[in-house]
Structures are given as structure tokens and as C-alpha cells.
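Peer 1: Below you'll find the structure I mean.
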Amino acid sequence: MGRFVARRLLQMIPVFLGTTALIFFMVHLLPGDPLAALWGDKAPDPVQLAALRHQQHFDEPLIQQYLDYMGGLFTGDFGKALDGRPVLDKITEALPVTVQLALLAFGFEIVLGIGIGLFAGLRRGKVFDKSALVFTLLLISIPVPVLGFLFQTIFGINLKWVKPTVQDSTDITQLVLPAIVLGSLSLAYVARLTRTSIAENIKADYVRTAVAKGLPRRRVIGTHLLRNSLIPVVTFLGTDLGALMGGAIVTEGIFNVQGVGHALYQAINMKEGATVSGFVAFLVIVYLAAGLIVDLLYAVLDPRIRYA
Amino acid sequence: MPDLTKTAEETPAQAPVAAAAKPEKARSLGSDAWHDLRRKPIFVISALLILLLIVIAVAPGLFTSVDPRAGDLREHFHTPPNYSHFFEGDWFGYDGQGRSIYARVIYGARASVVVGICVTVGTTILGGIFGMLAGYFGGWIDTIISRVTDIFFGIPLLLGSLVILNAFTSRTIWSVVFALITLGWTQMTRVMRGSVITVKQADFVTAAKALGAGTGRIMFKHILPNAIAPVIVVATISLGGYIALEATLSFLGIGLQDPTISWGIDINSAQKLIRTAPFALFFPAGMLSITVLAFIMLGDAVRDALDPKLR
């Protein structure tokens, strides 16, 4: 196990360096000038532009900027927003809300997704299975902004079960509806993956053996079938936790949740390029770290990976 | 000699048909899949929907004579729909700037369809080439391509597109296509690479090699036709996803911009008046969902037809 963890950590290093370098070059080498973009269609004032360039260190040689940026990432410095505040301040301010929201959505999609997938896979071809397929197909097809407004209109405005927008982002009960919207797309994928995996494994020899030795049904399904079938699901969940934190941008915008996504949404609307890239760099690191953690869990589920 | 090569080429394609042991004449995997698909109602419905969408995208003028950019604030500010006026300007009502929602929904199809198809074709070609090279040659070529793929794969599509599109001062359909292809090719590379590695070990490839076929011939005549099925499946399914992503980016205000007409932009501008004029949100959102649904249903049907394991 120790060797597996060490190797996985070593593999992370080139990916981390490459991904962060890629973000850096996307920000600095693409044709547009994020600072000139602040003036919109008007011609930028050269004196102000030069001052801004100096403030954002855009006037230094590219390699120097890259080293500063990398040094910043390791010391937790994600650059400065245009109002002079460090981007990290904005991130830490909004992070707890987004973590709550993402975990809530994550829990929702795991419990409901695996549940639906399990029952559909066990009753393949029956009514429940067919309606689960139609239901997940609908969830996959409705884009997140549409689903957000749909739920907001139905549950917030028409039925009045919850407030249409979140009033207090630290109150976790108000985050339930946004979390359902956030987790619904992944819920559909989790349900479909679990279903296929269960339906495939239920014919496997080890399941037949378990049944033949007289194990109770609960134990055959819970210990033998489910544990083996969850491997592809866990792979998906690994990339998903990170994606949820980034994907929260639409949901947080619609429901007025004061999280990382909301701050990012505002930075886009204010055309604050430096803030946007700082946030994205941070979220990509979270995404990679979440992938790593779930990868390690993966080894717990499947001994073949541990000893390979 | 040419006969021998031909047999080698067709053997794996005929295998599933032979296994089914039908008395009819042997069909290739492609025509077998087509035979299956035509009988599926889901495929027929989604294919007809997509055909209609493509016609709308190519010639929106056939469906409405109203200018989607002409706004009349005096007369039509958020006039509710008049459902009996089929195909007329006020059929779906007017938006906040007095523009016909029906005309905008019709003209908005083009952006979605163009982005979806271009991104899918672009990522398939790029990913197909890289995946083929990595899978066929292996060794250091594979190592380099796989590591670069890992790096690009580490960036979530939505977040990466934000950074790329942020750099463009004025964005057109092509900047969105560029951003999505730049970040989207990795999945296709992985699928193609895996598929090529499996096919490479088949006997007919060894046979072709023994007969003296060149690298190019083996790659394109022997491996490609047999390795392409999973790529086609992933491509069809992701097409719907790219359309949804374009709408999401435009909704966030970082995708397409006025004067380009996009359902995402219209959803964004309608959200402020969700209580007084829900219809302004409903129609572009509905069209968008139907479009994505049609492509995903098509992808599902194609997967069932091309994947013999599921039969």
C-alpha cells in the first residue's frame, strides 16, 4: 500500500506542473490582452494600462512571471485582484460555503445514484429499470442553467417549499435545493454506471458461488456484488468531487450562494482576468487533489490495484 | 493476393454476424448496426429531430420571416405569447427588448448545431490521430502523448474554457469552438488509444504485416475501420454535451456574444424577469433541452447498435 501511495504521489508531480503551466500560458500567451479588455470597445489609456501592467507584473519577462506564479502557488499566493486584495483572501472567504454545497451534492448523488443504479441493475428490463433510464436520460439532457431555473420556479416560486434564492449561505438547510441541482447531472451518471456494472457482475461466477454457498441475499449483494461493481463508480466520483466545486459556478450564480463559484462568476462579469485565472488555478489544484484522494480509496476497494 | 488481404480485413467484422448464425448473407459491422438502428423508434425519433434541427440551422428563413434582431419596444415589451398564431412573430411572445422569441429560438439553432458539430469533428480528428499514433507505435511516442493527455485532462472543461475565452475581447462561434477543441480532445485520444491497442494484437494485423503491408496501409485500412466504433459512440454522446456546454458558457456571459443569437444568451437575459415573463425563459431553454436530448438519445442508440457486448 505504501509503495502504491508513493508512486501515485510521484505521478502527480508532472501532471501538477504541466497543468499549472498550461493555465499560466493560456492566460499569458493567448492573443487577447485581459487588461486592455477592461476598457471594452474603447481604446485603453496608455498611462493607466502601463500602471496596471506594472501592478500585475505583466511588464516583466515571461519566464520571471512564470517563476513568480509557480512560487506563488506553493506559498498560497494566487495573485491580486484589481481592487488590490489578494485572490486567496477571496477564495478562503468563499470556500467553506462551496465545500458544504459540493459535499451536500456529493452525498446526494452517491446515496440516490447508487441506490437507483443498484435497484435498476438488479431488476434489469423491468419497469423500475426502464423508468430509471428515462429519468437519468432527462437529467443528462437538461443543461444545468435550465434545470436550476426549473427547480427554482417549481419549488421556490410555485410550491413555495423553499426560498427561491439563498438568503444566508452559511445556513446548510438553505443549500439543499442548490445542492440537488448541482448533483443531478452526476447523479444520472452514477446511477447509469452502477446499473451497467451491477447488471454485468450479477452473472459473474463469484456471485453464483456466493449464492451457492447459501449466503443470505443481503450479504451477496452488499459484500460481494456491490463492492466489486462500485469500482468504475468510484473512478467517476474521483473526478467528480473536484468538478462539482468548479461546476458550482452556474448553480451558485442562479441561487445566489456566496461561494467560490459566485465570486468567479462576478469576476468574469467584471472582466477581472487575474482573479479568474487565480480562482481557476486554485480549483484545478482542488480537482487534482480530490482525484488523488479517491484514487487511494480505489486501492482499498480493489486489491489488484494495490499490489500491481 | 488482393483477395487474401480482403478476407483478413473482413473477418473480424463478420464475426458478430456469424455468431448470430443468421441464414441471411453476411453484413459488415457498419451495415449490421444500420440494420439494427432503423428498427429502433428512439433512433428514428432522434434522427428526425436532428435532421429538422440541421434544416433549421442551415435555412432559418424557411421557418420565420421575422427578423430575430428587430426589437420594437413600443409595441411588444414582454408581450405574452399568442399560441394560436402559428409560425408568426408573436407565437412565443416577445422578449424584454421587443424581439420575437419564436424567431430568436429558430435563429439560435445555428450557433448550437455549428458548435456541437465542429467541436465533435475537431476533437475526433485530433484525438483520433494522437490516439492512433500512441496506440500503434507505443514506446516513447505513447509516453509523450499520454503524459500530455494527462495534463490537459487535469483541467475541467468548463473552468479551462473560462480562462481561454477570457483572453478574447470579442468572441465568435469560432473562439468557443477553439476553446472546446483545445480542452476536449483528451477523452477521444484515450478512447482511440485503448481501442487501437486492442485491435493491434489481432491476427489479421499480423497477417497484413506478413503480407508486406506498409505502416500507413495497416493503420488506415486494417486498424482504423476496426477501432473506430468506440470513438463514434463517444463522439455522438459528447456532441450533446458540447451543445449544453456552449449554452452554459454563453449563459455565464463568457461564451457567445450579441449579435450572435444563442439560446444560452437568451436564457441569461430572460432570467431577470423569470416571474413576470417566464415564457421568455421557457422557449429557448426548452429548445436547448430537446436538442441535447436528441443527440444523447442518438448516442445511446448508436452505442447499443455498435457494441456487440450489450446484445
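Quick reminder: no glycine exception, Cβ is built from N, Cα and C everywhere.
According to TrEMBL, the protein carries these features:
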{"type": "COMPBIAS", "residues": "B:10-21", "note": "compositional bias 'Low complexity'"}
{"type": "DOMAIN", "residues": "B:109-299", "note": "domain 'ABC transmembrane type-1'"}
{"type": "REGION", "residues": "B:1-24", "note": "region 'Disordered'"}
{"type": "TRANSMEM", "residues": "B:42-63", "note": "transmembrane segment"}
{"type": "TRANSMEM", "residues": "B:113-136", "note": "transmembrane segment"}
{"type": "TRANSMEM", "residues": "B:148-167", "note": "transmembrane segment"}
{"type": "TRANSMEM", "residues": "B:173-192", "note": "transmembrane segment"}
{"type": "TRANSMEM", "residues": "B:227-245", "note": "transmembrane segment"}
{"type": "TRANSMEM", "residues": "B:279-302", "note": "transmembrane segment"}
Peer 1: Sequence-remote contacts (6 or more beyond its ends) of the transmembrane segment (B:173-192), Cβ cut-off under 8 Å?
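Peer 2: Sequence-distant neighbours of the transmembrane segment (B:173-192): 111, 114-115, 118-119, 122-124, 126-128, 130-132, 134-135, 145, 149, 152-153, 155, 157, 160-161, 164-165, 227, 230-231, 234-235, 238, 242, 245-246, 249-250, 255-256, 260.
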Peer 1: At a C-beta cut-off of under 8 Å, are there same-chain residues at least 6 beyond the transmembrane segment (B:113-136) that contact it? List them, or none.
Peer 2: 53-54, 57, 142, 145-146, 149, 173, 176-177, 180-181, 184-197, 200, 215, 219, 223-224, 227-228, 231, 235-236, 238-240, 242-243, 246, 291, 295
Peer 1: Please give the sequence-distant neighbours of the transmembrane segment (B:148-167): residues at least 6 beyond its ends with Cβ less than 8 Å from one of its Cβ atoms.
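Peer 2: Tertiary neighbours of the transmembrane segment (B:148-167) are 130, 175-176, 178-180, 182-187, 189-190, 245, 248-249, 252, 254-255.
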